[in-house]
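Enquirer: Mind looking over this structure? Questions follow.
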Amino acid sequence: MKTKHELFETLNPPQRLLMGPGPINAYPRVHQAISQALIGQYDPVMTGYMNQVQSLYRGVFETQNQQTFLVDGTARSGIEAVLVSLLKPGDKVLIPVMGRFGLLLSEIAKRVGAEVKTIDVVWGEVCTPDQLEEAIKEFQPKLLATVQGDTSTTMNQPLKEFGEICQRYDVLFYCDATASIAGNELKVDEWHLDAVSAGLQKCLGGPSGSSPITLSDRAAKQINARKHIEAGIRAEHHSEGADAMIQSNYFDLAMVMDYWGPERLNHHTEATSMLYAARECARIYLEEGAEQVIARHKQAGDAMAAGLQAMGLTLFGDQTHKMNNVVGVYIPDNINGDAVRMELLERFGIEIGTSFGPLHGKIWRIGTMGYNARQECVLTTLAALESLLIKHKAAIVQGQSVIAAMEFYHG
Ligand SMILES: Cc1ncc(COP(=O)(O)O)c(C=O)c1O
């Protein structure tokens, strides 16, 4: 007898306004791009798109790095690819930890077998250049691995001086810019970054599932020294790298670089629809212009923060280092944060973020990113949150929040 499988209903997700720390609503043009026809991975049109994506992301990352391409997977695939490809067991890596994502870098580096030293920063603050220099002098790492915007705390780590310090001590410099890219300044070449990985689902305004990365020539050289082409696709002209083989096949950036390069090595099948999305995200960013997009994120972030403060709420963390695109706010006394979030979703269709670790249940995180870094998204969210807080009898200032936010938008 044939098993009857339930078909469920046709996919029809609700329209939500995603105002959490990411994912966010994608730009409509990105949705259009994703739905375009599939083509074969070696179709000259496809390889042409791959070259375009490399060029576009050099613009986004503000770099001349030849090795700029996509890792297929969510943002942590980019992180893992960089760390497993750069670090060998026993290599020393220094990691400032100022939130959940610093802990993630440390976790991945440990799995790779690296010797990890962390600089533990109080959540809500950033690591100072002096702290970093002292730790580098003492530990003498091969690699400094940082998070630019740690979404868990909303802090934006300044990187310019870190780059100068790494240059001085000849340390490779990697940064996870998933949550900060396109909403906060990021100058890969000027700040001497050797490797940066990102994701689409924050200020770039796309879905999660693709991780743009860039590698300096010296990082690429170290990775290529570990090149080991898998047997089924190895040809006579391939030679083994002198250095230890990379411990992951999927994240072996030496092979991935050869897929994106003239060799077009058949390492994996590029995620075509995600490449279309990534391409459109970059086009939108570069078309509007880096300065304008970042200013738009700052305007929306400032308006949201001002609106929350006008309600009498307290913001979380050192505000001088707040990311432009997400704000942490203390949940008012006697309010069940998760219940309010759920009601916001069910009644208004608006999603805001909870938080992790020591901050869970204490703060909400509200994002204004990519397509949602717009006045109407800020005002709608504030109005809805205020009305629910009134309903839940929170001790807040009434009627000022939206007005305060509107001050940031004239005309
Ligand atoms: C700073 C940062 N790094 C990494 C990640 C992981 O991204 P993904 O969930 O796409 O793997 C996130 C996701 O929120 C993030 O905010």
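Cβ from N, Cα, C; glycine included.
The domain 'Aminotransferase class V' annotation in TrEMBL covers 47-354. Among the features that TrEMBL reports, N6-(pyridoxal phosphate)lysine is placed at LYS202. Feature annotation from TrEMBL assigns substrate binding site to ARG365.
Describe the structural context of these features.
Expert: Neighbours of LYS202 (N6-(pyridoxal phosphate)lysine), defined as other CB atoms within 10 A of its CB across all chains, total 30.
The Cβ of ARG365 (substrate binding site) has 23 neighbouring Cβ atoms from other residues within 10 Å, across all protein chains displayed.
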Enquirer: Would you mind pulling the DSSP three-state label for LYS202 (N6-(pyridoxal phosphate)lysine)?
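Expert: In three-state terms, LYS202 (N6-(pyridoxal phosphate)lysine) counts as coil.
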Enquirer: For the domain 'Aminotransferase class V' (47-354), what's the model's average pLDDT?
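Expert: Overall, the domain 'Aminotransferase class V' (47-354) comes to a mean pLDDT of 97.
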Enquirer: At the level of the C-alpha atoms, what whole-angstrom distance separates ARG365 (substrate binding site) and LYS202 (N6-(pyridoxal phosphate)lysine)?
Expert: 13
